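The structure appears right after this line, and notes come after that.
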Amino acid sequence: MIIEHSAEVRGKTPLYRHLYVQVLAAIAAGILLGHFYPDIGTELKPLGDAFIRLVKMIIAPVIFLTVATGIAGMTDLAKVGRVAGKAMIYFLAFSTLALVVGLVVANVVQPGAGMHIDPASLDAKAVATYAEKAHEQSITGFLMNIIPTTLVGAFAEGDILQVLFISVLFGISLAIVGKKAEPVVDFLQALTLPIFRLVAILMKAAPIGAFGAMAFTIGKYGIASIANLAMLIGTFYLTSFLFVFIVLGAVARYNGFSILSLIRYIKEELLLVLGTSSSEAALPGLMNKMEKAGCKRSVVGLVIPTGYSFNLDGTNIYMTLAALFIAQATDTPLSYGDQILLLLVAMLSSKGAAGITGAGFITLAATLSVVPSVPVAGMALILGIDRFMSECRALTNFVGNAVATIVVAKWEGELDQAQLSAALGGEASVEAIPAVVQPAE
């Protein structure tokens with residue numbers, strides 16, 4: 001699907017009509033309201049929740065149409081396996097690197113040193129729910145959950161990996177049938193237009209959702225709660241910033257594009273993630289923009305939904321950094337062997353808890369429960385600020401998946417470099433999400 005807007009028309013668009021400006025203003029208004037009128041702010045949570053539900057409602061159709069039509073158009077079905085294999089290699093490499101970065105930074109900065117907190121004085125009940133959910137997760141259970149019990153159930157539940165699983169199988173079956181399936185493929189391609197137009201309509205509510213979510217966050221937790229653990233928050237934000245601009249920036253430069261240009265290209269989606277703390281809210285927009293930036297639909301459809309479960313750079317940085325913070329704060333010594341064990345467990349548990357609400361915190365609980373040296377009760381120290389850290393996790397995860405999509409597309413020879421340069425340089429009308437704010441009149 002292509003939604004075109006000429007550069008000339010876009011140049012005349014008033015600033016206030018751009019989605020990123022509206023969302024940014026809404027975030028600022030939400031912070032002010034939540035700070036000065038916290039009681040009112042906490043009552044606005046339904047606005048953020050309703051918007052996220054609206055977007056989640058459309059995620060399954062977007063993934064299905066993108067993946068099924070993309071694979072159906074492939075003449076070489078072996079390419080599906082190659083794309084998936086290359087994506088998983090990339091995900092494993094950079095997820096591990098993110099875990100190592102968090103571990104190294106925690107050892108160098110030591111954000112929890114000097115706190116001298118007795119684990120026995122902490123309220124373990126506060127994190128009991130997360131620990132219980134963590135014990136329910138396993139690698140086997142996670143893999144089995146990818147296969148839905150019914151065809152309709154995957155779409156009804158909105159499980160991304162289940163929908164992706166069905167979409168891949170259906171796309172392969174369409175490709176095998178060949179010409180006889182062309183009417184079905186044509187129908188699905190035609191259905192793509194109204195589905196993405198619906199996404200455009202839903203995105204008009206993004207400022208309202210961001211306003212409600214931010215007002216609730218500040219109203220409930222307060223800006224003052226940040227000051228108590230400012231060292232940990234600052235370390236995590238700075239580490240994530242450096243990971244994006246140095247590590248991912250180097251990957252981008254090696255593959256022929258600029259990380260700054262990419263961030264500028266997806267700024268509307270990033271602000272949406274910031275306002276809602278949910279990367280899922282921007283998934284349809286990211287898939288659309290990556291396709292318009294020159295990545296083939298088949299690659300976009302496979303890499304992005306899979307990356308939402310397996311390519312969580314921000315979450316991985318958070319896990320090892322937070323685990324060592326708890327150890328330092330509670331004066332729990334960790335040998336190099338303990339830290340290597342922590343790293344290995346985190347590599348597995350980060351996959352077992354993928355796709356779960358509050359996955360970052362639950363994954364941390366799962367990791368600590370297997371590494372006996374670090375007290376799980378220590379998670380109570382960061383429970384109050386986790387909401388503020390989740391925004392940075394989501395943003396880092398989001399940028400990581402955008403970079404991964406372009407890189408895998410280039411590896412597979414499914415990237416139009418000229419179209420990518422035009423999109424990131426703003427020289428061509430390849431953006432789809434601006435249509436969210438300014439539909440053709």
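Please read every residue number as a count from 1 along the shown chain.
Note that Cβ sites are derived from N, Cα and C of the backbone, with glycine treated the same way.
Residues or ranges marked as topological domain 'Cytoplasmic' in Swiss-Prot: 1-30 (among others).
Annotation source Swiss-Prot lists transmembrane segment at 31-49 (among others). Counting same-chain residues at least six beyond the ends of the transmembrane segment (31-49), those with a Cβ under 8 angstroms from any Cβ of the stretch are 208-220, 222-223, 275-276.
For 50-68 (among others), the entry in Swiss-Prot reads topological domain 'Periplasmic'. If one looks beyond the topological domain 'Periplasmic' (50-68) by at least 6 residues along the same chain, the residues whose Cβ comes under 8 Å of a Cβ in the stretch are 154-155, 158, 160, 163-164, 166-168, 170-171, 174, 188, 191-192, 195-196, 198-199, 202, 205-206, 208-210, 212-213, 276, 278, 280-284, 287, 291, 297-298, 300-302, 305.
The transmembrane segment annotation in Swiss-Prot covers 69-87 (among others).
When the topological domain 'Cytoplasmic' (88-99) is classified with DSSP, helix, strand and coil residues number 12 helix, 0 strand, 0 coil. If you look up Swiss-Prot, you'll see 88-99 (among others) marked as topological domain 'Cytoplasmic'.
Marked as transmembrane segment by Swiss-Prot: 100-118 (among others). Sequence-distant neighbours of the transmembrane segment (100-118) (same chain, 6+ residues past either end, Cβ-Cβ under 8 Å): 231-232, 235, 239, 243, 247, 316-321, 323-331, 339, 342-343, 378, 381.
Annotation comment: Swiss-Prot describes 119-149 (among others) as topological domain 'Periplasmic', evidence class experimental evidence.
The annotation transmembrane segment is assigned in Swiss-Prot to 150-168 (among others).
The transmembrane segment feature in Swiss-Prot is assigned to 172-190 (among others).
Residues or ranges marked as topological domain 'Periplasmic' by Swiss-Prot on the basis of experimental evidence: 191-209 (among others). Secondary structure of the topological domain 'Periplasmic' (191-209) per DSSP (helix as H, G, I; strand as E, B; remaining residues coil): 17 helix, 0 strand, 2 coil.
Sequence annotations record features per position, and here Swiss-Prot assigns transmembrane segment to 210-228 (among others).
According to DSSP, the topological domain 'Cytoplasmic' (229-241) comprises 12 helix, 0 strand, 1 coil. Among the features that Swiss-Prot reports, topological domain 'Cytoplasmic' is placed at 229-241 (among others).
Summarising the annotation, Swiss-Prot assigns transmembrane segment to 242-260 (among others).
Panel annotation: around the topological domain 'Periplasmic' (261-281), residues 18-20, 23-24, 26-27, 30, 48, 51-52, 55-56, 59, 160, 203, 206, 209-211, 213-214, 217, 252, 289, 293, 308, 387, 390-391, 394-395, 397-399, 401-403, 406, 423-426, 431, 433-434, 436-437 of the same chain, lying at least six beyond its termini, place a Cβ under 8 Å from a Cβ of the stretch. Under the heading topological domain 'Periplasmic', Swiss-Prot lists 261-281 (among others), citing experimental evidence as support.
Taken from Swiss-Prot, the feature transmembrane segment applies to 282-300 (among others).
Taken from Swiss-Prot, the feature topological domain 'Cytoplasmic' applies to 301-320 (among others). With a cut-off of 8 Å between Cβ atoms, the residues of this chain six or more beyond the topological domain 'Cytoplasmic' (301-320) that come close are 63, 66-68, 70-71, 80, 83-84, 87-88, 90-92, 94-96, 98-103, 105-106, 160-161, 163-164, 167-168, 236, 239-240, 243, 248, 279-280, 283, 286-287, 290, 342-343, 346, 350-351, 354-355, 359-360, 363-364, 367, 389, 392-397, 400-401, 404-405, 408-409.
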Next item on the list: Report, as numbers and ranges, which residues of the same chain sit near the transmembrane segment (150-168): CB under 8 Å and 6 or more residues beyond its ends.
Entry: 56-57, 59-61, 63-64, 66-68, 71, 80, 280, 301-302, 305-306, 308-309, 354-355
Next item on the list: Take a look at 69-87, 242-260, 282-300, 321-339, 379-398 and tell me which one has the most Cβ pairs under 8 Å to the transmembrane segment (172-190).
Entry: 69-87
Next item on the list: Would you mind listing the long-range same-chain contacts of the topological domain 'Cytoplasmic' (229-241), meaning Cβ under 8 Å and 6+ residues beyond its ends?
Entry: 101-102, 105-106, 109, 111-112, 314, 317-318, 321-322, 325, 381-382, 384-385, 388-389, 392-393, 395-396
Next item on the list: Would you kindly check 69-87, 242-260, 321-339, 379-398, 406-424 and say which stretch has the most C-beta pairs under 8 angstroms to the transmembrane segment (282-300)?
Entry: 406-424
Checklist line | Winner by Cβ pairs under 8 Å against the transmembrane segment (69-87), considering only 242-260, 321-339, 379-398, 406-424 | finding: 406-424
